[in-house]
Amino acid sequence: MDILCEENTSLSSTTNSLMQLHADTRLYSTDFNSGEGNTSNAFNWTVDSENRTNLSCEGCLSPPCFSLLHLQEKNWSALLTAVVIILTIAGNILVIMAVSLEKKLQNATNYFLMSLAIADMLLGFLVMPVSTLTILYGYRWPLPSKLCAVWIYLDVLFSTASIMHLCAISLDRYVAIQNPIHHSRFNSRTKAFLKIIAVWTISVGISMPIPVFGLQDDSKVFKEGSCLLADENFVLIGSFVAFFIPLTIMVITYFLTIKSLQKEATLCVSDPGTRTKLASFSFLPQSSLSSEKLFQRSIHREPGSYGRRTMQSISNEQKACKVLGIVFFLFVVMWCPFFITNIMAVICKESCNRDVIEALLNVFVWIGYLSSAVNPLVYTLFNKTYRSAFSRYIQCQYKENKKPLQLILVNTIPALAYKSSQLQMGPKKNSKKDDKTTDNDCTMVALGKEHPEDAPADSSNTVNEKVSCV
């Protein structure tokens with residue numbers, strides 16, 4: 001009898017447990033599945049409880065429901081990052097196509113911009129998608145551990161290449177302003193590519209220690225299951241070598257370039273001593289040369305206090321510096337928060353809130369990635385050649401419809417009878433016209449200056465200066 005009573009008691013307790021479990025299940029379904037409003041209230045109440053008591057979520061919100069809500073929040077972040085990835089890849093592909101196909105854009109500075117676009121495009125292809133994947137997995141590394149060091153290496157490589165390209169552009173423009181003749185003589189396409197190779201070599205050298213040491217010791221690239229640089233020495237040294245030092249060089253040379261342009265503009269306005277003699281004219285038949293080389297003129301300048309550059313060429317340089325300055329500014333503004341926070345994470349480990357630092361780094365790194373997507377937008381807004389090329393490429397028109405060449409001469413030579421095929425005019429000996437100079441500002445491309453936007457680029461080392469004196 002005692003045994004039967006114990007069995008009945010056990011069965012009744014089991015029945016009561018099942019009934020209580022059923023009631024709890026119904027309560028759970030009512031609280032979290034009855035509507036959007038109840039879910040929000042339960043979640044807000046949980047957050048308030050955590051803030052008031054600083055306790056875990058046990059008893060107030062079940063872990064499956066919390067994970068579902070948290071995953072939904074991260075999906076919105078992943079959606080935003082997907083938009084950034086698409087803009088980065090598509091925009092930089094357009095930049096690469098424009099420099100490759102448009103002769104007007106084929107000069108040293110735009111070659112650097114094309115190489116920069118390649119780095120940004122590879123960042124969008126190889127680095128950003130993996131970063132989005134880690135967001136979906138709660139910043140845990142979901143791929144094989146050996147790929148972590150490779151991913152960080154590519155991230156550092158392309159980010160370093162971006163700042164190195166901007167630094168090289170700033171240095172190249174400054175040299176072109178300070179010594180235009182020397183820069184024009186030694187600034188060929190081959191030398192521009194050699195400079196680009198040097199930039200990539202430096203970037204590879206800075207980022208190479210990551211896979212070398214990371215593949216040997218996982219602790220240098222893993223921290224609590226997350227794939228990130230855990231070596232504090234490399235974080236400090238890498239931040240200064242890969243960002244702050246090139247940033248300092250870039251900013252100094254850019255402001256020196258602006259100062260030099262302002263100084264030359266002042267000299268050109270105050271001193272009309274740019275004495276330019278028209279030595280010879282040459283009109284060649286269109287069948288023998290391309291339209292870009294149809295009209296050539298040799299120009300000889302007399303030495304004066306200011307004879308290197310005219311107001312139009314200085315104005316073109318200032319426009320180019322304006323566009324580059326916007327690119328520099330956006331890059332600095334978008335990457336500085338990440339690198340400053342990265343340094344703070346190492347320096348103030350004990351005094352700073354670790355969770356806050358990690359959250360800021362996760363946000364700031366994507367703000368830095370965003371700089372790779374905005375460069376094509378800057379080119380589109382401020383450069384009509386890029387804007388026209390992008391518009392045609394989107395419409396699958398890869399060649400520009402060339403308009404027939406119309407040659408107009410205004411007040412440059414006296415009216416003479418000449419053949420339509422060829423006219424040559426040279427200076428006469430002991431003629432007063434030999435001493436006649438052009439004091440007006442003539443629109444010309446000075447030695448060492450990049451081609452303006454609406455002038456076709458010439459790959460030859462000979463400088464054919466265009467003149468339009470009105």
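For all residues, glycine too, the Cβ spot is worked out from N, Cα and C.
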N-linked glycosylation site per Swiss-Prot (candidates: Asn8, Asn38, Asn44): Asn38
Member of Cys148, Cys167, Cys321 annotated by Swiss-Prot as disulfide partner of Cys227: Cys148
Identical membrane-side domain name, Trp76 and Ala265, from Swiss-Prot: no
Swiss-Prot annotation, disulfide partner among Cys336, Cys352 for Cys348: Cys352
Matching range for Swiss-Prot feature annotation, motif 'NPxxY motif', among 120-124, 155-159, 200-204, 375-379: 375-379
Inter-residue Cα distance where the pair is Cys227 (disulfide bond) and Cys348 (disulfide bond), in Å: 21
Among Cys227, Cys348, Cys352, the most crowded of the disulfide-bonded residues [Cβ within 10 Å]: Cys227
Spatial neighbours, same chain, of Cys148 (disulfide bond) - Cβ under 8 Å, 6+ residues apart: Trp141, Gly214, Asp218, Val221, Phe222, Cys227
DSSP three-state assignment (helix, strand or coil) for Cys148 (disulfide bond): helix
Per-region confidence, the motif 'NPxxY motif' (375-379) (mean pLDDT, whole number): 88
Residues of the parent chain within Cβ reach of the transmembrane segment (81-97), under 8 Å, 6 or more residues beyond its termini: 113-114, 117-118, 120-121, 123-125, 128-129, 131-132, 135, 366, 369-370, 372-373, 375-377, 379, 386, 389-390, 393-394, 398
Close approaches to the transmembrane segment (322-347) from elsewhere in its chain (Cβ under 8 angstroms; 6 or more beyond its ends): 109, 159, 162-163, 166, 169-170, 173, 232, 235-236, 239, 243-244, 247, 250-251, 254, 258, 357-358, 360-361, 364-365, 367-368, 370-371, 374-375, 378-379, 382-383
For Cys227 (disulfide bond): DSSP state (helix, strand, coil): strand
